[in-house]
Amino acid sequence: MALSGKHILLIISGGIAAYKSLDLIRRLKERGARVTPVMTRGAQEFITPLVVGALSATHVFTDLFSRKDEQDVGHIRLARDCDLVLVAPATADLMAKMANGLADDLASTVLLATDRRVLIAPAMNPKMWMAKATQRNIETLKGDGIGFIGPMAGEMAEKGEVGLGRMAEPLQIVEAVEALLEHGPKPLAGKKAIVTSGPTHEPIDPVRYIANRSSGKQGHAIAKALAALGAEVTLVSGPVTIADPAGVTTVHVERAEQMLAAVVSHLPTDIAVMVAAVADWRVATSLDQKIKKQQGDQPPALQLVENPDILKTIGHHASRPKIVVGFAAETENVEANGRAKLTRKGADLIVANDVSAETGIMGGDRNSVKIISADGIDAWPDLDKAEVARRLAALIADRLA
Ligand code: C5P
């Protein structure tokens with residue numbers, strides 16, 4: 001079982017998503033983990049310690065000043081006697097406490113005292129997630145090395161509220177836990193990697209932009225797979241609606257020029273995987289004011305200029321990474337175009353795929369790729385994007401070995 005012998009301290013804070021934590025406990029236990037729950041007072045307003053205790057089959061800790069609990073275990077031991085501290089749901093309030101080092105109840109005290117890895121699954125109203133204070137706290141927590149899973153976009157418990165703020169589903173949280181605790185070999189330990197992902201948005205005026213259908217799923221999966229093999233990964237992502245992968249540092253950009261600057265500022269690295277669907281062109285001069293539609297006027301002509309080619313820049317850079325991987329999203333002559341790209345862009349590997357509309361690859365969950373290198377072409381079967389990512393990460397590790 002994937003989590004056999006693992007001990008997870010699960011902190012449940014007070015949000016409506018606490019009901020999902022009950023299923024989370026079951027899923028973790030199914031995989032062999034031992035789960036010790038800590039509940040905040042808020043959490044106990046949503047679910048009872050009785051049901052949490054029944055599902056985890058263990059004592060539920062709730063009180064910092066419980067003489068019995070302190071005598072038996074003590075909050076310091078609770079904080080250290082585990083492989084991972086998982087906070088699900090993590091409320092805006094608990095995140096604020098964590099970011100500021102407050103310790104006024106058992107959950108926040110344990111979080112301050114722990115020397116274990118901490119993974120949080122935030123859940124809150126989208127307005128609270130977007131609030132400047134929360135965003136500041138998120139930056140602080142990421143800087144402190146706290147792992148994030150979610151939040152996800154979607155409907156909230158409150159009627160009519162949609163946006164970023166839903167807690168990740170229990171199985172997604174379990175996957176993030178497994179990735180963090182993975183015992184597997186770490187052939188990329190000590191290696192640095194930079195990955196680009198998603199589309200870029202090239203502004204026309206303050207409200208309009210040029211974009212494409214890239215979802216970021218493949219690039220994000222590759223960042224995660226490299227991290228799972230031990231690499232220290234920076235993911236430079238264009239605007240996407242999927243969550244930042246756990247265990248990876250994500251930098252958000254909008255335009256190709258910003259993406260290039262972010263990538264170059266992270267050199268030198270050992271590995272570069274440029275997956276982003278960078279817009280080839282941008283509008284020569286994007287306007288500060290919205291272009292007005294005037295009765296009887298001709299539609300405006302957009303003057304386009306070429307964007308910098310990030311892959312090509314990296315492939316020929318003075319601090320070129322040891323291994324440079326590019327993608328070739330083609331709708332025709334996939335192999336021939338892929339081969340040409342290998343030399344032109346200075347890449348070691350080109351992952352070529354057919355993105356014709358009928359393949360459903362762009363934005364979909366599966367990918368069918370050909371790996372093109374100086375050694376020839378290797379056609380992989382139709383695979384889940386996560387599996388393409390794992391195989392590619394393993395291939396990169398082999399090539400670096
Ligand atoms: O030339 P084309 O856009 O087909 O090349 C695709 C590859 O080049 C991808 O790896 C993509 O991330 C990268 N690319 C880039 N910067 C651009 C255009 C493409 O990094 N401006």
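Every residue, even glycine, has its Cβ placed from backbone N, Cα and C.
Site annotation (TrEMBL): CTP is bound by Lys290, Pro308, Asp309, Ile310, Leu311, Phe327, Lys341, Lys345, and the candidate from Asp280, Asp297, Asp354 recorded at this site is Asp280. Within 10 Å of its Cβ, the residue among the binding-site residues Pro308, Ile310, Phe327 with the fewest other Cβ atoms is Pro308.
Site extent for CTP: among the recorded binding residues Asp280, Lys290, Pro308, Asp309, Ile310, Leu311, Phe327, Lys341, Lys345, the largest C-alpha separation is 37 Å. Long-range C-beta contacts of Lys345 (CTP binding site), restricted to its own chain and to partners at least six residues apart, with a cutoff below 8 Å, comprise Asp309, Leu311, Lys312, Gly315, Val324, Gly326.
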